[in-house]
Every structure is written in structure tokens, then in C-alpha cells.
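What TrEMBL records for ASP149 is active site, proton donor/acceptor. What TrEMBL records for ASN9, GLU378 is Mg(2+) binding site. Taken from TrEMBL, the feature ATP binding site applies to LYS16, HIS207, LEU208, GLY209, ASN210, GLY211, ASP282, MET283, ARG284. What TrEMBL lists as substrate binding site is ARG92. Per TrEMBL, site 'Transition state stabilizer' is recorded for HIS180, ARG240.
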Amino acid sequence: MDDAILVINAGSSSVKFAVAEAGDHAVTTLVKGKLTRLDQAPHFTATTDAGEVVADTFWEPTGGRQEILFGKLVDWLDHHLDGHTLLAAGHRVVHGGTRFTAPVVVTPRVLDDLADLIPLAPLHQPHNLEAIRAMAAAHPHLPQVACFDTAFHAGHSDAAMRFALPRALHEDGVRRYGFHGLSYEFIARQMARVAPDLARGRVVVAHLGNGASLCAMFNGRSVDSTMGFTALDGLPMGTRTGSIDAGVILYLLDQGMGHETLQHLLYEQSGLLGLSGGIGSDMRTLLGSGRLEAAQAVDYFVYRTVRDIGAMAACLGGLDGLVFTAGIGERSAEIRARIGRGCAWLGIDIDPVANARGTGCISGAMSRAAAWVIPTDEEQMIALHAIEALKTAASDDRISKEEFFHV
Ligand code: ADP
């Protein structure tokens with residue numbers, strides 16, 4: 001019987017999952033799906049890796065009780081994963097703080113430590129941890145592994161990690177962590193396979209999706225990232241501001257804007273949505289709209305991305321390659337071409353034919369720095385981590401095996 005890993009990515013209003021068959025050095029996705037409308041009648045959908053829909057159904061309302069939802073999910077998997085046994089659940093956890101710089105098998109102690117980090121990521125961490133607790137209740141004997149979005153960036157230099165604030169705040173955790181780490185780690189891994197010379201060099205990876213950031217990598221390791229203390233920093237995103245002068249926040253507070261409103265403004269109403277005057281947060285909508293505000297939103301996105309690629313290249317002391325990934329990076333030839341033109345001074349010369357094809361190397365033969373499109377797969381990275389963490393934990397006598405199961 002083959003082993004499989006259940007991957008969970010739990011958010012405030014939806015839970016995404018994937019099941020990956022566990023091989024020795026690679027994993028293959030068997031099925032992917034999501035649960036939405038968690039506090040109403042949950043909508044459960046699942047497709048095979050080939051895109052065949054294998055579930056599209058509404059479940060009885062559970063009043064948001066996730067242990068019931070996860071129980072139903074495990075039950076569904078029991079009936080749909082012929083010949084596979086679940087070995088573990090791997091969870092995407094947004095914040096590992098300074099302590100968790102690698103994936104970890106969850107024990108009650110680990111869970112308590114992760115809960116201490118909730119103030120650092122109040123919009124995401126509670127949902128990630130709730131999913132771990134719910135899964136423990138639904139399937140008490142399934143080991144769980146937490147994989148962190150921050151971990152890949154843990155090796156940043158002191159200067160890259162700091163804000164110019166009094167040192168005590170840094171010690172209290174007010175520092176630049178960086179996010180999208182599971183995506184960047186997957187890209188680093190893929191690069192080592194498809195472009196090993198480039199992987200050893202100075203590369204800027206552009207993760208351009210609804211959430212967007214850049215990572216400066218040298219020899220497959222993160223040197224700096226545009227995201228900092230939270231996933232609000234850096235590039236403009238679908239609905240998030242990206243970098244903003246902190247003085248604007250002080251001004252809005254002075255004007256009487258409350259915390260909730262401000263949070264909603266910065267996370268939900270800004271970015272492409274705000275810039276376009278409400279036309280949309282989706283790049284496809286903006287590219288397809290003939291309106292000036294949509295064009296200005298796209299211009300701003302390209303402008304800031306080019307500007308920050310320059311900053312990341314400066315951190316690296318030059319640029320050997322630029323890698324595009326995530327929804328916009330993988331699928332929009334137009335945005336890639338525009339960003340590429342903005343980076344001509346860094347030696348990027350994108351070949352229009354290769355760019356239209358949209359996979360692999362897209363730079364021309366004369367390009368001084370390479371440009372690539374590499375699809376990301378955070379679920380695969382989590383599954384690989386879960387397998388690795390289980391192996392490590394199994395050989396660590398200090399961890400009682402009982403501990404895995406009683407979260
Ligand atoms: P998330 O951060 O939610 O995982 P994705 O990586 O799926 O997001 O990226 C979503 C973004 O990708 C959206 O802005 C969407 O418009 C954009 N996108 C997807 N396909 C295309 C396309 N063909 N052209 C332009 N943008 C696209």
C-alpha cells in the first residue's frame with residue numbers, strides 16, 4: 001500500500017487541501033480541493049491532478065466546527081484514496097517566528113509556542129493552528145507537521161532583518177521575517193534541477209500572485225525579500241498596499257480611523273483593487289478593461305516590481321537571472337514582457353516567442369541575465385517537508401512518539 005501526505009492550507013474562510021503520494025525523493029499530487037463557506041453550508045470541491053472533478057457538493061452546516069469538517073474530509077479521503085494510507089498531515093503555517101526555522105512535527109508544546117506567535121500574524125496564524133487542532137480531534141493518530149512561510153528566510157543578514165527602530169523592539173520580534181518561503185524553497189529546488197548553473201548564482205524570484213513578493217537568492221538561499229514583518233510589505237498586491245510610508249498610517253489614525261477600518265483598508269481595499277478605483281483585484285480583469293484606472297493600476301504594479309527587482313539585485317551585487325512564478329508570473333506574458341523591459345538595464349532581454357510559450361527559459365540568446373518561468377507548488381514542498389520531518393523525528397529519541405498524537 002502506498003503512503004500519502006495530506007496537505008492543509010487553512011485560511012479564514014476556506015481550507016485548501018491536497019493529497020500527495022509519497023515517493024522517496026519526490027511526491028505526486030493525487031487530488032486537490034477546497035472547502036469554502038465554512039460557517040454556512042460548506043462547499044466541498046475536489047479535482048484530480050488531471051483536472052477531473054471528483055467532488056462538488058454542499059455539506060450540512062457545522063456551525064464552523066472544524067473538527068467536524070476535518071472528520072468529513074478524512075472520511076471522504078478514506079473512500080477516495082484507493083490503495084493509499086495517510087502517513088501525516090502537513091500544514092502551511094504562516095509564522096514560525098525566530099524559533100521555528102525548519103518544519104516541525106507538532107506536539108502540544110510546539111502548538112503552544114506557535115500560539116504565542118498569533119500577535120505577529122493575527123489574520124492567518126489562528127486559522128492555521130485551528131486546523132491542526134481540528135485535525136488532531138478528527139484523526140488523533142495522524143502525525144502532523146507544521147511548515148512555515150517564514151523559515152526559508154531565516155538566514156538573512158542582521159541588516160536585512162532589522163527595522164531602524166530601537167533595539168528592544170527587534171528583540172521583541174519586531175523585525176523583517178519575509179514570507180512566501182515555501183514557494184521560494186520549491187523554486188530553489190526546481191532551479192537546481194532545471195538550471196543548476198543559474199541556481200548557484202544571483203537570482204531574483206518574483207512570486208506574483210494575489211499575494212506578491214520578491215526574493216533575492218544566492219546559491220539557492222534567501223538573502224532578502226520584499227515582505228517584512230507581515231505579508232503587507234513590499235510589492236502592491238491584489239488588495240494589499242505593499243510598502244507604504246508609515247506616516248500615512250499615523251495620519252489616518254489622527255483622522256480618527258479605527259484599527260478595524262485601517263486593517264480592512266490596508267489588507268482588503270488597497271493594492272490593485274484600490275488603485276483601479278474598484279474595477280478589480282484580478283490582473284486578468286485589469287488587463288481586459290479598457291479603463292484608464294485599470295491601466296494605471298497595472299502600470300503601478302509593473303513600476304513597483306521593476307523598482308524592487310533593482311533593489312533585490314543590489315542586495316545580490318548583480319543579477320544572473322530573474323524567475324517568474326505564481327498566477328501572474330506564470331500566466332501573463334504581457335506583465336512578464338513589461339517587467340523584462342524595465343529590467344533591460346540589468347541585462348534581461350526576454351524573447352517574445354519563448355515568453356508567449358510561457359515555460360522554462362524565456363530570455364533571448366544574447367540576454368546577459370537569464371529569465372525563466374517556473375511554476376510553483378507550495379503543496380508539494382509541504383508534502384516533501386512532512387516526509388522529511390517524520391523521518392527526522394522518528395530517529396530522534398528525545399521525542400516521545402506518543403506526543404505526536406495528542407495535540
Ligand atoms: P494566490 O496568491 O491567491 O495563490 P495566484 O497565484 O493564483 O494567487 O494568482 C492569482 C493572480 O494571477 C490573479 O491576479 C489572476 O488574475 C492572475 N492570473 C491568473 N491567470 C492569469 C492570466 N492568464 N493573465 C494574467 N493574470 C493571470
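From the backbone N, Cα and C atoms, a Cβ is placed for every residue, glycine too.
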*Want to know which recorded positions, from ASN9, ASP149, ASN210, ASP282, ARG284, are within 10 Å of HIS180 (site 'Transition state stabilizer') at Cα; which are they?*
ASP149
*Sort out the sequence-distant neighbours of LEU208 (ATP binding site) for me: same chain, 6+ apart, CB within less than 8 Å of its CB, listed by position.*
LEU235, THR305, PHE324, THR325, ALA326, GLY327, ILE328, GLY329, ILE335
_Entry from the recorded positions list ASP149, ASP282, GLU378 having the most other CB atoms no farther than 10 A_ = ASP149
*Entries of LYS16, ARG92, ASN210, ARG284 (binding-site residues) sitting next to ligand 1, with Cβ under 6 Å as the cut-off*: ASN210, ARG284
*Among the binding-site residues listed here, ASN9, ASN210, which has the most company in the form of other Cβ atoms within 10 Å of its Cβ?*
ASN9
*ARG92 (substrate binding site) and ASP149 (active site, proton donor/acceptor), Cα-Cα, nearest whole angstrom*: 7
*List only the single closest residue to ARG284 (ATP binding site), chosen from the recorded positions ASN9, ARG92, ARG240, GLU378 by CA-CA distance.*
ARG240
*Given the recorded positions LYS16, ARG92, HIS180, ARG284, which one is most crowded in terms of C-beta atoms within 10 angstroms?*
HIS180
*Near the Cβ of ARG240 (site 'Transition state stabilizer'), how many other Cβ atoms are there if near means within 10 Å?*
26
_Pairwise over LYS16, HIS207, LEU208, GLY209, ASN210, GLY211, ASP282, MET283, ARG284, annotated as binding ATP, what's the top Cα to Cα distance to the nearest Å?_
23
*State the Cα to Cα distance, in Å, between GLU378 (Mg(2+) binding site) and ARG240 (site 'Transition state stabilizer'), rounded to an integer.*
21
_So among ASN9, LYS16, ARG92, ASN210, ASP282, all listed as binding-site residues, which is physically nearest to ARG240 (site 'Transition state stabilizer')? Use the C-alpha atoms._
ASN210
*For ARG92 (substrate binding site) and ASN9 (Mg(2+) binding site), what Cα-Cα distance in Å is obtained after rounding to a whole number?*
5
